Structures are given as C-alpha cells and as structure tokens.
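Summarising the annotation, TrEMBL assigns substrate binding site to 105, 131, 132, 133, 188, 189, 193, 263, 290, 457, 463. Sequence annotations record features per position, and here TrEMBL assigns domain '6-phosphogluconate dehydrogenase C-terminal' to 181-479. Sequence annotations record features per position, and here TrEMBL assigns active site, proton acceptor to 185. As annotated by TrEMBL, active site, proton donor applies to 192.
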Ligand code: NDP
C-alpha cells in the first residue's frame, strides 16, 4: 500500500511538467510525479530531487495512492488525445471530490466537454491556462484556472504558492466555471499575437523605412521599455535585435527565416470572436500576417512576377536623412504602437465580456488584467491601467471609453495616422497598425457605409432593412415600382 503523503501530483514530466513539479516542490508542496515512461521521473529525481519533496511513482495506481484527499493531480501531457486518455485513466482511479487539473493548452470547448463528463462522475475538473512557457512554469507562471469554487478552495493555495508575483499579488485567480480559464488563456494568446505583430511592424518601419540597423533599433526598443510601453515583449525584442549570429557574424535577425509559426491559439481566438460576433480586427490581422509570412512559394512567385510597388517608394528618404525628422518619426511609431496596442486589448477584453455572457461566466476583468502583470508573455506595466479601468466599477462598452485610454489614444492619433499613411505610401505592410486605426475610426463614426450594404442586400436578396425614422423591417420593390413595403 502506498502511503498518501503528497498534497499535489503532476502527470507528464516533459519540459512543462518537470518545471511545474520543481516549482511546486520548491514552495513547500509534497509533489507526486508520474510519467508514462518512468525514465523522465528518474531524470527529474537525479537532477533536481534535492530541490524539495517529490514522490516518484512507477504506475498511475501508485501515483494516485500517494496523494492526500481530496486528491489533486495536474496533467501536463501532450494536448489532444493523450490528455483525454490521461483524464479518463485518472478518473477511473480517483474518487468523488478528487480534482483533475488540465494545465495544457486546451481549446476551451474541449474543457467544457471534459468538465461535464468528469462532473457526471462526481469528480472536479479544472481547465487551467498557464502562461510563461518553461521558464515561467519553473520560476512563476501566470495561471488562469476554471472549474468549481470548491475545487478552487483546495487548488487556490497551491497555485498561489507557485505563481508569479506582481506588485505583491500572486498572478492567479479563479477565473470562472468549466472552460473559463482556458477561454481567458486563449484570448491572452490572441492579444499576444497582436502585440508581437505590432512590434514587428514597428521594427519593419525603422529597418526598411528609415534604414536603421538592428543594433540601433534595439536601442530604440530599450528606450521605449523605460516608458508607457514597458513590457516583457519589448524587452525581449531588444535582446533579439542585439544578438549576433556566431556562425556568420551577421545580426541574428538577418539569418532567421521570415516565416512565423503558430500553434493555434491565435486562430481559436479569431474563430471564437467570429462566432461571438466580436470584431477582433487587430488579432485577426496578426494571425493572417503570420499566415501570409508562411507562404514562401506565393511570395517568391510575387517577386518573380515583379508585383509593382508605389511610385513613392522613397517616401522615407527625406526622413531617414534628417536626424531630427527621423527621431520625430520614431516617436510617431512609438505612439502608433501604444494606440494600436490599446485597441488590441480593447478588442480582446470585448471578446471576454461577450464570451462570459454566452457561456455563463462571471469574469472579473480587472482581476484578469492584474494576473497578467507578471509571469505571462504579455506582462506589461500598462495592465495596471486596464485593471484600474475595470476595477473602477464603471460599466463601459470598450476600454477605449475609459478616460485614461480615451485621452491616450486621442493624444497618439496624429502620430498613428502619419505612420499608417507613410507605410501605405512607401508600400510597407502595416496590417495591425492600419486595421486598428480603421477600427478606431469606425467606432467613432456616427454613420457608417453599412447603410449602403443594407440597400444592396435588400436589392439582390430581399434581406430587408431598417429605417432611421421608423421601427420595423422594410423592403423596397426594386424590380417593380420601387415602392416600399413593411416586411
Ligand atoms: P509535450 O507536449 O511535448 O508532451 C510530452 C509529454 O506528454 C511527455 O510527458 C509524454 O510522456 C506525454 N505523453 C505523450 N503522449 C502520451 C500518452 N499517450 N499518454 C501519456 N503520456 C503521454 O510536453 P510539454 O511539456 O511541452 O507540454 C505539456 C503541455 O503543456 C501541452 O499540453 C502543451 O500544449 C502545454 N504547453 C504549455 C505551454 C505554456 O506556456 N502554457 C508551453 C508549452 C506547452 P513520455 O515521456 O512517456 O513520452
């Protein structure tokens, strides 16, 4: 009989699971560890066994037997079928009241499905978003657990013991029931896509536009990191741009293929937003930009066919030559980045608000902004401002209506417009800068050309339209005498 001594268990000891186990053990937890192939558990013990109390198990039965009640096990195995298999295998060995946590990158609808199935068996199932990669898992991630209040009572103190800490607060909170945690993690990743693409567009405008070398651009990002844009992503951008390739002696950025990979969370964010009817244009363009970058054959063909650029390709020449104008334009880019980033967050937070309504969650958006201040990839100083906005208790339809952000975007907009205009004139793609600006302008337009679209739809498909001066739906007899009837 195995003695039940571990207050938490981790199944799956590859990069993420091993780091999380070590983090748990380092913070006073007794951690049962299990991996399909025992060798990973042995390696963990040999290399890091002295970091805390581990209970390695050779079989899943032994693993479950070593857990104290309510037994709590975190699954960190390959996403998809292996996760489903492991959930079922654990559920077969566990008892009502026990807690199974999936800390992998699951699609929130899978989490909703799994939670229902596990709840029906009397157990708790928690889908927990974890951000920060391998290093975060070891040194303190930002965590977004869903599941029941009851499971949070057991799991909360354990997760708080290992989470990143931002301004004295652990970067973890109970997000909501069933798939809420994985939903919020998904939107986090969507915002991350937009933020990364905006930084990439800023780099491109400085590199191909102003003709600056990577080292000089690294210094610009370092400078930006001291102000409103202070964030992990801006910081690592400078690090990447400083780096020189040892093999060639060239800047590292110049030897990396320009095809951005993705694992699917950005796509899920956009698909879900489309289903919810929330325009997340910045995130959408960021996902499409990665997609376009990864079509080398098409891009090569475009080059071979000599797709022409604008006459004004030298739109940057004068700017680049004059140090004062160059500095002024770099400041324009900084402002454009700030304003577009605010739009990306506004859109992501709208998606969370709408998701909460549709899936029946009560999301505390201020608390979500706070747990993103540390540990995760989008950690940034400006999340304090978002937290303040949502924490004020005031209801508003968009982050852009919050007085602080409204003023910030209004202040940045002249720069933002110059950046988008100049990029278009010079033929440099800036899809997230320009789509974010278009979103902002559409939002503040009293009347949109959608009226024309309604007219077209009524003409070709009798889809009807509303009138500005009368309630109800109407149809014009376009093929007849063009009189109007009430639909
Ligand atoms: P992998 O996704 O590479 O998965 C490897 C682990 O899964 C090993 O422990 C392996 O066991 C186990 N495994 C694979 N197939 C099975 C199976 N059929 N049955 C039992 N175990 C199986 O590991 P990572 O550590 O990279 O990621 C773990 C999870 O965390 C994934 O869901 C991933 O999406 C997520 N992740 C999250 C990140 C984040 O920042 N939040 C970053 C990276 C990953 P064995 O050793 O026996 O082969």
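Positions of Cβ are set from backbone N, Cα and C atoms, glycine also.
No curator has checked TrEMBL annotations; they are predicted automatically.
Shown here: features listed in TrEMBL, placed on the structure.
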residue : record                       : DSSP (3 states)
105     : substrate binding site       : coil
132     : substrate binding site       : coil
185     : active site, proton acceptor : helix
192     : active site, proton donor    : helix
290     : substrate binding site       : helix
463     : substrate binding site       : coil
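Non-local contacts of residue 463 (substrate binding site) by the CB criterion (under 8 A, 6+ apart in sequence, same chain) comprise 454, 457.
Looking at the residues that bind substrate per the record, 105, 131, 132, 133, 188, 189, 193, 263, 290, 457, 463, the two CA atoms farthest apart are separated by 49 Å. Residue density at residue 192 (active site, proton donor): 22 other Cβ atoms are found within 10 A of its Cβ, drawing on all protein chains shown. Cβ-based neighbour count (10 Å, all protein chains) for residue 132 (substrate binding site) stands at 24.
Proximity of residue 290 (substrate binding site) to non-local residues of its own chain (separation of 6 or more, Cβ distance below 8 Å) is seen for 193, 197, 260, 261, 262, 266, given in sequence order.
For the recorded positions listed here (105, 185, 188, 193), the lowest count of other CB atoms within 10 A around the CB belongs to 105. Here residue 192 (active site, proton donor) is positioned 15 angstrom away from residue 105 (substrate binding site), judged by their C-alpha atoms. Confidence across the domain '6-phosphogluconate dehydrogenase C-terminal' (181-479), taken as the mean pLDDT and rounded to a whole number, stands at 96.
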